[in-house]
Amino acid sequence: MTFDPHKKLYISDVTLRDGSHAVRHQYSIRNVQDIARALDKAKVDSIEVAHGDGLQGSSFNYGFGAHSDIEWIEAVAEVVTHARIATLLLPGIGTVHHLKEAYDAGARIVRVATHCTEADVSRQHIAYARELGMDTVGFLMMSHMTTPQNLAVEAKKMESYGATCIYVVDSGGALSMQDVRERFRAVKDLLEPSTQTGIHAHHNLSLGVANSIVAVEEGCDRIDASLAGMGAGAGNAPLEVFVAAAERLGWNHGTDLYTLMDAADEIVRPLQDRPVRVDRETLALGYAGVYSSFLRHAEVAASKYGLSTVDILVELGRRRMVGGQEDMIVDVALDLLRQRGDAARQAAV
């Protein structure tokens, strides 16, 4: 394909959805409005708003939110004039009824998210979103867990259901730049030319920005990023960093870099109760290929049972656990505890 450096990139901010993981879904109404105002001023194209695990994610399994999805969406709708409001829906957590409520509250874009090999479960939700007239996106999570060719087949399914944009989603922050290149080439080879593509990167191997740049070079249309990288694990591609890099490359991103830089440092970073960065634990996510939102759950389990968070995360990766299996984190911790006890008894013999 021919790369067009002058194409207008679609900047999709995820601070108010993926970023929710970094504050345990405790954004206040004032928080979301302050962040949304800054993003709107900077002229991002869309602002995703929801619990970190999407519509209806607020639960015992994923963590209760400080407010409902609808309250957050309505709050953002009150203060934005340029950006469109997006939301995330995981079939099995949210339903078409919840999507209609989000639409009524002001959401006009929905990203229907499934595991990278389970696009089949998105048919009803994608079709209904199109009926509502929403900008409908297929969101293939944990894309490192299948081959580029298989990912392309799943992308084609979502396209056939009505999605007009398909995302390669690196939920574990485990993809290398070559991995991204191969997946975009395979996906774009199978999709219709009119179907857009997007990249959702995580920064667990410090490749969030690099992988987003590679995706754009391969013809990607939409780029997810968040202020100060606010997101699960080591965070997403930091929005202000990606925009600075895009500016240096002469790409047309349409946003105001300095407004984004100010918002990242003055509004978002002070909200973090745990630094969003690459450290021992978040690096383990990318190394082991683990769903980034498992981090905080694994840290709680490690503290409760006197274990290493890294050991729990690596074992989750070995077992190929995926999003939605948060309840298994405690099971893994108990198994490790049992193994440690067995080893101690064996050593004492």
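Just so you know, glycine gets a Cβ as well, placed from its N, Cα and C.
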Open item on the list: For the substrate site that Swiss-Prot describes with Arg17, Asp18, Ser171, His200, which of these is also annotated: Tyr287, Tyr291?
Closed with: Tyr291
- [ ] Write out, in the order they occur in the sequence, the residues of the chain not among Arg17, Asp18, Ser171, His200, Tyr291 that have a C-beta within 8 Å of the mean position of the C-beta atoms of the recorded substrate site.
- [x] Val14, His21, Gly52, Met141, Val169, His202, Gly231, Ala232, Asn236, Ser292, Ser293
Open item on the list: Can you work out the mean pLDDT of the predicted model over the domain 'Pyruvate carboxyltransferase' (9-261)?
Closed with: 98
Task: substrate binding residues Arg17, Asp18, Ser171, His200, Tyr291: largest Cα-Cα distance, in Å and rounded to whole number - done: 15
Open item on the list: Within its own chain, what residues at least 6 apart in sequence put their Cβ under 8 Å from the Cβ of Arg17 (site 'Transition state stabilizer'), listed in sequence order?
Closed with: Glu48, Val49, Ala50, His51, Gly52, Gly54, Ala86, Thr87, Leu88
TODO: Please classify the secondary structure at Asp18 (substrate binding site) using three-state DSSP.
DONE: helix
Open item on the list: Give me the count of other Cβ atoms within 10 A of the Cβ belonging to Tyr291 (substrate binding site).
Closed with: 28
TODO: Would you kindly give the Cα-Cα distance separating His202 (Mn(2+) binding site) and Asp18 (substrate binding site), rounded to the nearest Å?
DONE: 10
